[in-house]
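Trainee: Features from TrEMBL:
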type	residues	note
COMPBIAS	1-20	compositional bias 'Basic and acidic residues'
REGION	1-31	region 'Disordered'
BINDING	ARG125, THR261	substrate binding site
BINDING	HIS247	heme binding site
Amino acid sequence: MESRAHDPLPAETEGHHPDGHQPPNLDFRGTTPYEDYVQADVLTHLQHPLSDDPGELVFLVTTQVMELWFTVVVHEWETAAEALRGDDLPVALAALRRSTHELRSLNASWEPLARLTPRQFNSYRAALGEGSGFQSAMYRRMEFLLGEKSASMLVPHRGAPRVHDELEKQLAEPSLYDEVLRYLDAHGHPLSAAVLDRDPTRRYEPHPEVEAAWAAVYAGPQDSGLIKLGEVLTDIAELVWRWRNDHLVATRRAMGGKVGTGGSAGVAWLEKRAAKQVFPELWTARSHV
Ligand code: HEM
């Protein structure tokens, strides 16, 4: 972050031309321009471990890092959905491709938590109380954008108006996949009202017409815009599946078959979640090409 808003210290720079020896500015009247932009002071003081265990900080920070990646990915998918609505495939593809790199970074964040022993996790587990990633609203928005809608997922957030409003809005809006299907319909693969006018607040269920449309896309020219769209969505589906599986395996290592802090059956419940196909017809259509 370069800024020349204030003069550099005169003693260090007088009579010198900018070259490899010129040091960075040290003198700022208020907070640094870096701080003004990044708010690092705020960000690095949002960590409040609940136990004395030295291993808890990385658990907390990894969770916070993942929340930030969820936020970026939601932004990309909303950008893509809006672009598709406006018939702008290049902008949609760019946002979706960015999100695949972000999802890879998100998934790499599992590394510090991937090999917790039950004793290590137990050291701070009790301090988490009923807290669980299940209550992550930003993760829920990701799931809603993928088509995994559920009004009951708003219930835990009744006490947090801003979060609740954002989730409610996302529930009522067409998902990213709904916009993709409208785009398919408008570009040579007509779909019926059962698909196009479905209730957007309900979980997306696979439809044979959609499978046939993707099969036709994949049987067609291999450099088409629709194949590019299909492939980047398939990357996303795979990366989301990887996140769910890495989470599942980390959980199995850390707590075996115990119930979750959020009250679910734990690993058995996560197994069912991980088995769900993201963008289902993009997978099943491959059998018909
Ligand atoms: C190794 C440490 C972790 C363990 C043992 C663990 C365990 C669990 C369990 C048992 C559940 C099921 C709900 C429950 O009863 O609590 C769950 C859900 C969830 N966890 Fe974790 N978790 C871990 C780390 C994380 C991290 C770092 C995140 C990042 C935000 C996260 C995000 C989530 C999400 C989003 C769900 C809901 C999944 C869904 O709705 O399908 N978890 N976790």
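Along the chain as shown, the residues are counted starting at 1.
Glycine is treated like the rest: Cβ placed from N, Cα and C.
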Trainee: What is the interatomic distance between the Cα atoms of THR261 (substrate binding site) and the residue listed as 'heme binding site', given in whole Å?
Mentor: 15
Trainee: Count the other Cβ atoms sitting within 10 Å of the Cβ of ARG125 (substrate binding site), across every protein chain shown.
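Mentor: Step by step: centre on the Cβ of ARG125 (substrate binding site), count other Cβ atoms within 10 Å, giving 19.
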Trainee: About how far apart, in whole Å, are the alpha carbons (Cα) of HIS247 (heme binding site) and ARG125 (substrate binding site)?
Mentor: 16
Trainee: Through the lens of DSSP with three states only, how would you label THR261 (substrate binding site)?
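Mentor: DSSP assigns THR261 (substrate binding site) to coil.
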Trainee: Would you count the other C-beta atoms found within 10 angstroms of the C-beta of HIS247 (heme binding site) for me?
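Mentor: I count 19 other Cβ atoms within 10 Å of it.
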